[in-house]
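A.B. asks: Not my notes, these are from TrEMBL:
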type     : residues              : note
REGION   : 1-25                  : region 'Disordered'
COMPBIAS : 1-11                  : compositional bias 'Polar residues'
TRANSMEM : 49-69                 : transmembrane segment
TRANSMEM : 75-95                 : transmembrane segment
BINDING  : His96, His226, His230 : Zn(2+) binding site
TRANSMEM : 116-133               : transmembrane segment
TRANSMEM : 166-186               : transmembrane segment
TRANSMEM : 192-213               : transmembrane segment
TRANSMEM : 225-248               : transmembrane segment
Amino acid sequence: MSSQTSTSANPERSDEDSEAIAPGNTVDQLVEGATNVLTKPRMRGWIHFYSAWLAIITGATLVSVSWAASSPRAGHSTLVYAAATVAMFAVSATYHRVQWKSEAARNLMKRLDHSMIFVFIAGSYTPFARLAMPQKTGMLVECIVWGGAAAGILLKVCWPTAPRWLGVPLYIVLGWVAVWFCPTILHEAGVAAMVLLATGGVFYSVGGIFYALRWPDPWPSTFGYHEIFHAFTVVAAILHYIAMWFAVFYTGTGAWLTATGG
């Protein structure tokens, strides 16, 4: 994910942290391109690059075990989650690692990068909504998160230069929808799952705040505030991944499903 504050306000930031350049402004495009090559932190994108590969392996494990040991419904639900996770990390890594020569391509990837965060949030809710909630409650949650994700994507596509003070709160609010359904999650997925979800949510939120504030920015040329944000998202994703196992294999009675259960 990238901010939309002008590079001129902070010459040490790459073009990923600036507003989209107006089409046809060749001079600005050349300046932005040179700035991107010279000032992008060396670690930019690598955290999500390796996380994408890890997500493929861990996601495939979760889906296959869920499908075989629980139910096809569990397999379908975790597949949505795994696909959303891989897509978010892969798109982020691609956007941040590639030196985009075409401004149109860069702006397109920027929109996609921001949009995939909404997809990831909704995808993360899907296993809990389908497996750890009563049917009507789960359907309500899915409508809220996927509807919110669609609205967020529409915002990013139609207003790619929206200020970060608008975009970041949208991510955080959508991510904390689970607060309204804590009793259900506690009963159906257990205390451990609830703690993991809450802790992961804190990491996502704090990382988002750091990103919005552009602070702390310890080593701007190597590992800056954006890399800290990416690192926080990975820690949060790991915590939520563990929670997914509880959503699949834990029942409201506190017992784990057996291989013949589901």
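Any Cβ shown, glycine's included, is placed from N, Cα and C.
What's the neighbourhood like for each of these?
C.D. replies: The list of residues near the transmembrane segment (49-69) in space but at least 6 beyond its ends in sequence, with Cβ under 8 angstroms from a Cβ of it, reads 75, 77-79, 81-83, 85-86, 89-90, 93, 97, 234, 237, 241, 244-245, 248-249, 257, 259, 261-262.
Long-range neighbours of the transmembrane segment (75-95) within the same chain, counting only residues 6 or more positions beyond its ends whose Cβ lies under 8 Å from a Cβ of the stretch, are 1-2, 16, 45-46, 48-49, 51-52, 55-56, 58-60, 62-64, 66-68, 109-110, 112-113, 116-117, 119-120, 122-124, 126-127, 130-131, 230, 237, 241, 244, 248.
For His96 (Zn(2+) binding site), the Cβ neighbour count at a 10 Å cut-off comes to 25, with all displayed protein chains included. According to DSSP, His96 (Zn(2+) binding site) sits within a helical segment.
Outside the transmembrane segment (166-186), and at least 6 residues removed from its termini, the chain residues within Cβ reach (under 8 Å) are 4, 114, 117-118, 121-122, 125, 128, 132-134, 137, 141, 144-145, 148-149, 152, 155-156, 193-194, 197, 201, 204-205, 208-209, 211-212.
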A.B. asks: Counting only residues 6+ away from its ends, which parts of the chain sit with a Cβ under 8 Å from the transmembrane segment (225-248)?
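C.D. replies: 1-2, 16-17, 41, 43-44, 47-48, 51, 55, 58, 62, 66, 70, 74, 77-78, 81, 85, 92, 124, 127-128, 131-132, 189-190, 192-193, 196-197, 199-204, 206-208, 210-211, 213-218, 257.
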A.B. asks: Using all protein chains in view, find how many other C-beta atoms are within 10 Å of the C-beta of His226 (Zn(2+) binding site).
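C.D. replies: Around His226 (Zn(2+) binding site), other Cβ atoms within 10 Å: 27.
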